[in-house]
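Okay, so here's the structure we're looking at.
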């Protein structure tokens, strides 16, 4: 009450902003006579003048009045349309990063030209975001004439365009495209292996058309790129046939004396950590076997750059054969390997071991080897659009969602007054007892309108409901057209003609958005056809166009006299905003119009929220069948129900965003690191830091900091340095031959040895050649580990709500454990990259260059790539649902904290999946 009282005295914030902006409108209007006197060339020259002023540091706000006046004048000359004052207000709201709510027919597309032109002067790019490809193409061509006239370039970003064309589109001053395509381009740019392959030029300023549809309706579902990595099915089978030729070594060897081995062999097993290590003899045996089967060249090493991937498959095959046993670790069911939880004995259907182990077990058992489909990259619209330096949006219906726009995106909603006051009559809802009665009443209304010639738009909430109306109208013999929001270009033509006298058009709520319904029909397409007809003389063209427009004026006045466009809806949507969008199709630019909702007590929304209450009223009034209840209290109770649903949906979206923000922070780190690697000319400092960290982590496992010599485990350290890092060091001899040596000196010796071995490789082929190889190794490892990390996060997210039963806050638990998973990801990248670079054997620059190219082509050879995007309703189409690759996470709790983790990572359980338990 007090708030309303103060608003009446001081005005709302919306009123105060409009008052402030109207002062600028006066300034813009004052410039109009001056710009009218300028020639075309003088107008174009203004653009260059503005660009130079911005480049010198002048703010866009200081140029705004002159720039808006220039665009208005250009539009008058090229488009034959003059911006209304309210469109100038809308343009200012968009420039200042707000959401402009402008009713249907108020000219949002033309309004956007003002801030688009102004912000394009900075040279940093402007992205105009539309809901479908048709609108992107239409608006780019339509408004592109104006931008080109003013000296700016325009690009269109469409799906399946060649990379060069996309790059050209993004290099333009202004780029038009769909929300999905901008998001997918961002993800693809963070999957490239060459800096010059990126298409986007930065995220400066975006104007989102139909902002409510994109940032709210489609915000529940992320954009997902998924696919299958390179197909190695034949290689898994071959490795399974070769590993029986390798013999297990028995006994533990002393690295100094060689004693302790009871039988020499090719590999040793560490059953506790589920790891396999090749011996020196094993490397020679593997090289001989690979050469005999044509997998490597005669005399080549398994650690040559081109052959390094073979070792990955060999280790997977050895682990599958010797460490994973049927009916203990897995069972075979229906031609599939199903993992057994070794603590509970339960089958873990749908889970798959990672790093090629599952495929190796499939090859061992002779079942079909399944190519694993993984999420390669993913982002929500909420997090993508928040990456822009400045974001704005426009729609006909945003005020009902103003709180969500402010809360999630930090966007203020500003209601722009119409150019002419609305004359639409929004009638009270009619509520019937049954659906049958509801449809019968709606059809009677449609027939009455058709008989008097009044055009009707029938709105439905689903394709199923539109088909019911279609059948009923066909039975009545009423001619009509049906739209279902799939064929955007055709729909735009039909919707444009829905205002003709006697027309009946059935449309789902989303169909034909972005196209005005003009009373009497739209003649612009016919006018364009006449203008394009070269067979006609100039005079004939003018005469035909004049006759066409005169005929349209007669039709227009006729339909206005009949009451304008009639909106008939057969169900309330769960969002008031969608209902308002439907109503907004009628009564554009001060035209007459009317709307009515026909409801049944068994409609979903009524049944759940308001059915019992309204039914009780009907029963008390003893209303006969076929009679409707029409009362303000009913309409208000329905709107109250809609508010409840909207609040619930907002809570869902906000909760999803809070979880996704965790992944988003990690995504930013990974993508930033990836871009730095792509752009860096020298990676030696990064690699050196990673190598030192790895050596420190390894040494500190066996030679703890500030520890006594008696606590050191030098034999195991020597063994691991030799088998995993190809570093042979006599650390025990060093200690025995020295009077006193500290743990830090041991660490320094290992670091120096690792640096010397690494520098020798670099010197052999040259720093420049080795840098490109380092880049490929880093990028490939980042991508592989990030894909596995996305799967791990998805698995963590699925079960995190159960923590609530343990009196823990699931959201906080998710943040904590996701951070730990991310730390492990960074550690794995560090270890894998360093290990590969330390063990690879290079002979020549040519060999290294070829290896880098092979790695790049392998990394990019993703099969069955699927692009999953939200549909118009914010739901994922079932046919495009991503099949997430999943990591093995044991669910038992009886493993010892200091035992090796059963997942096979080699880490202690408390440092690995024990953190997830």
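Cβ atoms here come from the backbone N, Cα and C positions, even for glycine.
Sequence-distant contacts of residue 107 (ATP binding site), defined by Cβ-Cβ distance under 8 angstroms and a gap of at least six in the same chain, are 81, 83, 84, 87. In the three-state DSSP scheme, residue 107 (ATP binding site) falls into the coil class. The ATP binding site annotation in Swiss-Prot covers 87, 105, 106, 107, 108, 109, 516.
Among the features that Swiss-Prot reports, Zn(2+) binding site is placed at 901, 903, 912, 913, with the record citing sequence analysis.
Listed in chain order, the residues near the ATP site other than 87, 105, 106, 107, 108, 109, 516 are 102, 104, 110, 111, each with its Cβ within 8 Å of the site Cβ centroid.
In the three-state DSSP scheme, residue 516 (ATP binding site) is classed as coil.
Annotation for residue 108 (ATP binding site): spatial neighbours 90, 100, 102, 209, 394, 395, 396, criterion Cβ-Cβ under 8 Å with sequence separation of six or more. In terms of local Cβ density within 10 Å, 106 ranks first among the binding-site residues 106, 516. Neighbour density at the Cβ, taken as the number of other Cβ atoms within 10 Å, is lowest among the binding-site residues 87, 109 for 109. The Cβ neighbour count for residue 105 (ATP binding site), using a 10 Å radius and every protein chain shown, is 22.
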